[in-house]
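Novice: The following block contains the structure, expressed as structure tokens.
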């Protein structure tokens, strides 16, 4: 049975750990969206791996890792990541890593534009060039991995891309694109990149009959359509993107991952944000610092109306709660169960667009903290009563089963129900 792991909040929910934990039960792990702007941290024993574009399954020797066509690929960043993991003893070779050859490539000129646009618009991007790369993809002028197979095709595509970028760069006072430098840098990486490249139709054949675990980047509240627009990423993060960004067939399980609280990096609304001692304590105990950006994450209480909305649009079938242990020391824990509108009407499912343009007041369930450690507990029955009540309340409010709970940073610190 194939499964997809998606984030139910603003990213950083712990999807990488859950994918790594589950990967041993699947033949392959497939990244279907995003780029190296989204970091996944996986802890195995005493080693911490900070992955950016490689699927979290790369740490499993007998699992095939796939980068699907929905990913925008920084070629130098990918090779740097591969080289670093190889130095740490991780086995990576053609056959263990497969990349759809119609992936679009993130170039230095994309990063330069990202920095330029962020200075003006301040959307809170990671300045990795992801948005400008997606712009070129949609405008049909981007460079794809398969373009590296032909010197003639690569030069032709670079010429068209440079024509557009030079217009933008002239207006911004930047130097023109040097096509020869871009061509030389891409051509120098060609052989090392293309050894992993496979056309999508061949990927389907290679993975036919094999179980697949799809790994999402970011979270649904950063989705370009369903998130807190315009403070979102440039791609889609949900089930539809699994189909389009991997093109490998249907999914039976949609596993939604959420923290027991919420965090957000950068700009945009965070309705339950705690800009106070609670928020500072969540940030400190949860070590809430962006894997890629290094920025401190804003923290708040768990927002269930938004999660209900995400579950509805993403077709979530089960829930995973992560970082339960971060809440171990709190005397009181708050769960936002609804919003109150202007006329006092309670809203239990709320779209981000409503929150962006209307004033709603968060309504909380106040729960007594359990004040004891949940770290490494292996059975739900052995959790403190307060922790069990917290999980069961979320389960009841969302009307979906909580099938896994992460209660520590390590690979093994996940309990199943």
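The backbone N, Cα and C atoms fix where each Cβ goes, and this holds for glycine too.
Per Swiss-Prot, the feature active site, proton acceptor maps to 12; the stated evidence is sequence analysis. Look at Swiss-Prot and you will find 40 tagged as active site, proton donor, backed by sequence analysis. Residues annotated as GTP binding site in Swiss-Prot: 11-17, 39-41, 297, 323-325, 406-408. Marked as Mg(2+) binding site by Swiss-Prot on the basis of sequence analysis: 12, 39. Annotated IMP binding site per Swiss-Prot: 12, 13, 14, 15, 37, 38, 39, 40, 126, 140, 218, 233, 295, in sequence order, evidence recorded as sequence analysis. The substrate binding site annotation in Swiss-Prot covers 291, 292, 293, 294, 295, 296, 297.
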Novice: In which DSSP state, out of helix, strand and coil, do we find residue 324 (GTP binding site)?
Specialist: helix
Novice: Fewest other CB within 10 angstroms, which one of the binding-site residues 17, 295, 297?
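Specialist: Lowest Cβ count within 10 Å among the binding-site residues (17, 295, 297) is 295.
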Novice: Which recorded positions from the set 12, 218, 294, 295, 296, 297 come within 10 angstroms of residue 41 (GTP binding site), judged by C-alpha positions?
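Specialist: Near residue 41 (GTP binding site), where near means Cα within 10 Å, the recorded positions are 12.
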Novice: Report the nearest neighbour of residue 324 (GTP binding site) in space among the recorded positions 12, 37, 294, 295, 297, comparing Cα positions.
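Specialist: Nearest listed residue in space: 12.
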Novice: In Å, rounded, how far does the Cα of residue 17 (GTP binding site) sit from the Cα of residue 296 (substrate binding site)?
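Specialist: Approximately 20 Å lies between the Cα of residue 17 (GTP binding site) and that of residue 296 (substrate binding site).
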Novice: Within 10 Å of the Cβ of residue 296 (substrate binding site), how many other Cβ atoms can be counted across all chains shown?
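Specialist: For residue 296 (substrate binding site), the count of other Cβ atoms within 10 Å is 13.
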Novice: Spatially, and counting Cα to Cα, which of the binding-site residues is closest to residue 11 (GTP binding site)? Options: 37, 218, 294, 296, 297.
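Specialist: Its closest listed neighbour, by Cα, is 218.
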Novice: What same-chain residues, at least 6 away in sequence, bring their CB to under 8 Å of the CB of residue 407 (GTP binding site)?
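Specialist: Long-range Cβ contacts: 324, 325, 374, 375, 376, 377, 413, 414, 415.
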